[in-house]
Every structure is written in structure tokens, then in C-alpha cells.
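J.: The structure that follows is given in the form of C-alpha cells.
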Amino acid sequence: MSLSPVVVIGTGLAGLAAANELVNKYNIPVTILEKASSIGGNSIKASSGINGACTETQRHFHIEDSPRLFEDDTIKSAKGKGVQELMAKLANDSPLAIEWLKNEFDLKLDLLAQLGGHSVARTHRSSGKLPPGFEIVSALSNNLKKLAETKPELVKINLDSKVVDIHEKDGSISAVVYEDKNGEKHMVSANDVVFCSGGFGFSKEMLKEYAPELVNLPTTNGQQTTGDGQRLLQKLGADLIDMDQIQVHPTGFIDPNDRSSSWKFLAAESLRGLGGILLNPITGRRFVNELTTRDVVTAAIQKVCPQEDNRALLVMGEKMYTDLKNNLDFYMFKKLVQKLTLSQVVSEYNLPITVAQLCEELQTYSSFTTKADPLGRTVILNEFGSDVTPETVVFIGEVTPVVHFTMGGARINVKAQVIGKNDERLLKGLYAAGEVSGGVHGANRLGGSSLLECVVFGRTAAESIANDRK
């Protein structure tokens, strides 16, 4: 049995999951190539959590869920796009993914939120100070860093290493070529390669090609997210699927000190899932079910809010501070969120309604815990209370739609093998996981499913490699 190192391209959660599973479970050595100067990709910034259906945490909170219900929610969100068998695998493997993170890396994942498009609360995060993406990525990367020091024959991590070519021979992977920060090229022999190189949300060139209407929108993506993996896989003959399906997240924070910046901090969906509402600056009123799917919330902001900057107001009650203290403290430190009384809100944001009318708007929303919301929101948490006054304190920030996630990419099968245009496995030893792949989310990704996709298909790639090597 060959034990040549598996080359893992990228150190977001998909790459970290694949690498950890390869070395910890199968004792297969890995060489990890990361084009950036640090580990984590976009995964390290994930702020809402990771989905799982039928988990121990859900049982603790008496939440009834099933992989089938999760799959149905995913299919509904996908709007006829994508590959249903990949969606089924995502849902069916979700409790195993949560269990793996808890058991292997001692993560608590003991809190839940219900995000847009989900039938129940299934997005997991841990109590404590760390955001979910940072916590999960840190745990997995720390394990690999330790192994790189203590067992260098098992784990090698190369940063500032951009993959520029893949060599094949007789229908199999044979080598990977990468370029270091000095521009020098190096070749690594490899029988197996796992592409975990992320999406293309930072690439104006690729956005112009696949979704030109989005080129001028700001993005939450890191500057490494330029679609290198998709281009290399396309060159090898991979079937690219749903490349025009690009998720615009409805809420990226507008920095009042740099309003026109093309990069935005994400205003996590959990801010709405745990109680935040959206107000239209033109009317001072709610205008959308904040927990419908991301594409619908985005369309509503773009349709009714100020056209010049697509701006909405994210308003959160004081009760939310208990659940999201660390998030809100960070956002306030960055001047993205303010803590104001309602009197101050009307003045500060020049709302066209009186303070009394704003109080009435928030109190009416709070009453939907006992009656139906005309806008259709069914999860009313951490509302503003039954006695809203001009001195009621809220947390508020300005938000705008942002390019966030590319659903399209190289088509894979349920074994995480890259598929060619003839519907067959493209090359022996070629795998993909995470945002570089396509078909898992269709036209719209559910919040909490990106981290899940990384764990499910990263681990699957490792399992497939191990099975091929038997």
C-alpha cells in the first residue's frame, strides 16, 4: 500500500478536516499547501455556527429534528439547482460531523440558533468567548501544528505556497506544482490531491464572468478567495456546476468611518436568528421577515431601502447581550454597532418617524410572541419587551448586502471525487471539498451549512483515499 503524502490544498475547514482525518484515523501522511501566509481561509471568520440534525445538543433543548427535514430545507433553499444526493449526504452526515468535532477536538457546541430557511434550531456554536469559525479552525489547526513539530514525517504545512499546476499520468494524479512567496516553483509527487481552496468571491474577474451584476457589491471574502482551484480543476477537465449561483448575504456591516470600503465585516445571521430585526431607514419600519432565506432578505433590502447604498438598520434588543456578549462587544469595539436609546436612534439616524412611533414599532414586534407576524416571522426571541419607551436601550448598526459565498464549483460525487463532463470520475486521486466544489447548495446556501459542508466532505475525501489505498 502506497503511503506517499496526500496533498491538501487550502487550510480552511475543509482542508483541516481532510488532513486531520487522514493523519488521525488512517495514519496517512499529508502535505498541506496554503497560498496565504496564515491558516484558516474564510472558515476562520464564520460567525453563526455549524448545522447538525438529530444531535445531542438538540435533544438537550427538546428540539425535534431529522436529517430528512434538514435535507428538505436544503432542497427548498436550492430552488431546483444543485445535486440532491449531495444535499442528502450533507444532511445525513451532519450529526456525525457535530459528534466528530465534539469528541475529537473537545468542542462544546452546546448552544443553538435557528437561522433563515431552517424549520428548527440546528445551527450549533459553543458557549464561551470564541466565535464558532475561529474556535473550530483553531482546534483543528492546533492539532496539525503539533503533529508537524512532533511527527514531521506525518504532517508538513507550507504557507505562502500557491498551487499553479497539477500533473497527471495514465489517468491518475502524479504531482503538484506550487509557487513560493519568492516566485520559485516546486514540485511535490502525489498520488492523491484534495482541493480545499475555497471560492471566488474576491475575484472581480470571475464575478464579471459569471455574475456581472454583482461586480460592484462589497464582499466579506478574504483576498485569497480568487477561484484558483476552480480554474485548475477546469483546466484538468472538471465539470463546473452552478458557477453563476453566488450568494449575496443581506447583512454586511457598514463601517461609519469607511462607508465605501469594498470589504465588509459580516453581520452574522445569528444576530437576526437570536432576535435582531431590520428597519428601513426611509420609513423607520420593518419590511421583511428577517429569517426567510438570504436571497429573499437581500432582494427586499435592494428593493425598498435607500438605493444609493442599499442600507438597512439592524436593531437588537438589550436581552440579546446575554446570548451574544462577545460578538456585540467586538462589533462595538470596531464601531460597527452602537448602544443607544430609542430617542438617540431617531436623532442619530435621522429617521422620518417620531420616537413614539419607533417605540410602537418595536412593541408591536414584541407582541408577535403571542400573535402572528404579518411579515411571517415565526421565531421571536429576545424581543424588546412589553414596555418600550424612549429610554429603551438597543444595539444598532447599518448593514448592506455583500458578496459572501459561491455555491458553484467543481462537481463532485458523494465520495468527494471530482467529476468530469462525462459524469465519470475525472482522475484517480483527485478530490474536492468545501467552497471549491459545487452542487451541495444549489441556488442558495442555508446559514450554518458552509462549515458543515467542509467537515462532511473533507472527512469523506479522507475516507475515500483510505479506501482506495487498501
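Glycine too: its Cβ is placed from the backbone N, Cα and C atoms.
According to Swiss-Prot, the protein has these features:
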- 6-20: FAD binding site (BINDING)
- S66: phosphoserine (MOD_RES)
- H249: active site (ACT_SITE)
- R272: active site (ACT_SITE)
J.: Among the recorded positions listed here, N20, S66, which has the most company in the form of other Cβ atoms within 10 Å of its Cβ?
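T.: By the 10 Å Cβ neighbour count, N20 comes out on top.
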J.: Just how many other Cβ atoms lie inside 10 Å of the Cβ on G12 (FAD binding site)?
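T.: A count of 34.
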J.: Give me the count of other Cβ atoms within 10 A of the Cβ belonging to V6 (FAD binding site).
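T.: Within a 10 Å radius of the Cβ of V6 (FAD binding site) lie 28 other Cβ atoms.
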J.: Please work out the number of neighbouring Cβ atoms within 10 Å of the Cβ of H249 (active site), leaving out its own Cβ.
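T.: Its Cβ shell of radius 10 Å holds 25 other Cβ atoms.
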J.: In sequence order, which same-chain residues at least six apart have a C-beta under 8 angstroms from G10 (FAD binding site)?
T.: L33, E34, K35, G41, F195, C196, S197, G198, G229, G434, V436
J.: Which whole-number value in Å describes the distance between the Cα atoms of V6 (FAD binding site) and H249 (active site)?
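T.: Answer for this pair: 34 Å between alpha carbons.
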J.: How far is it from L16 (FAD binding site) to the residue listed as 'phosphoserine', counting Cα to Cα, in Å?
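T.: L16 (FAD binding site) and the residue listed as 'phosphoserine' have their Cα atoms 27 Å apart.
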J.: Looking at the recorded positions S66, H249, R272, whose Cα is closest in space to that of G12 (FAD binding site)?
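T.: Its closest listed neighbour, by Cα, is H249.
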J.: May I ask you to report the DSSP-based helix, strand or coil state of S66 (phosphoserine)?
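T.: Coil, per DSSP.
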J.: Round to the nearest Å and give the CA-to-CA distance linking N20 (FAD binding site) with R272 (active site).
T.: 33
